[in-house]
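**Q** One structure follows; several queries about it will come next.
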Amino acid sequence: MTDTTDRALLHALSGGHFISGEQLAHQCGISRTAVWKRLQNFNQRWGLDIHSVRGKGYRLSRAIELLEEEILATEHPDTNVAPQVHLSLPSTSASLLEQLQQGGLENGASVFAEHQSAGRGRRGREWISPFASNIYCSIHWRFDCGFAELGALSLAVGAILCRLLDEYGVADVGLKWPNDILVERRKLAGILVDLLGSSEGPVDAVIGIGLNFSMPGNADELIDQPWTDLESLGMGELSRNRIASDLVHALTSGLPEYAHSGFHAFVDDWRRFDTLLGSPVTVVMGDNRIQGIHAGISTDGALVLENNGEKRRYYSGEVSLRGTGSAGDGNA
């Protein structure tokens, strides 16, 4: 009941226009006092900026588009499992991992949240998740192979996401090894993969993606690295529901490619989107920092670093532009 009433309130306010407390109470079937309490709760829990003016009512500081399970389920009817949409979760990946441990999931099961209270980045970092501003999604896929064959899965997902953004017309979209999505060296999206299973297989993958759509005005205070969003890139007219639906479709089409052919099916795309090729970079591995020229990736997804004419492969670590001091992170 709580989620249904909260969603009804948010729908009524989503246009960003004033609406009276009396109207809100009537539409949602609750008292005006309950309306006020819930709106206070929205601000405290999710950081929603809600303006209140005597005689005019309430309005959100900016219009929002809520994700709708019905739209996501019908946009691509060939996707077998209906996506789940929540107003708030600690983490979309944590939700899928919990469901997986409780009794299994079908391939393609996906979870979206309008807000994450404990969104995770790579290496334990926090992923900033303002309400209804971006796309926070996780999807499950089971692979018959073992862990070793999935070492480049996150790179393949990066290539899948770049293909989609390229189809939308996002100019200069690129990949930073292993899987950050950049535009003009500003972070647009991140990826985090959790694997559960055995070394021989099968292995269940939960793939988390955070894609910046329309960051709030205070985002610079919250994020400690250069970032961008689709709205800033001239893509603000895209529907969040369309992006979410297209993302699930792209993944449920691309992940079977990986299951069949491994990373070989994605190497050419990854190299096409490799945004740091030829740049001086630093590979950060714990306390170690190794400098060199980014010479591309190998067919199994390793970073190739050239130093004094010698090329070496690296299968773990993070990459930063030399001198920037920031390696970035992934999401979920």
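In case you wondered, yes, glycine gets a Cβ from its N, Cα and C as well.
Small disclaimer: the values here were computed from a predicted structure and weren't measured.
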**Q** Of 21-40, 41-60, 61-80, which range does TrEMBL call DNA-binding region?
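**A** Going through 21-40, 41-60, 61-80 one by one, TrEMBL flags 21-40 as DNA-binding region.
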**Q** Quick one: average pLDDT across the DNA-binding region (21-40), no decimals.
**A** 94
**Q** If you count Cβ atoms within 10 Å of the Cβ of Gln116 (biotin binding site), leaving out that atom itself, what do you get?
**A** 28
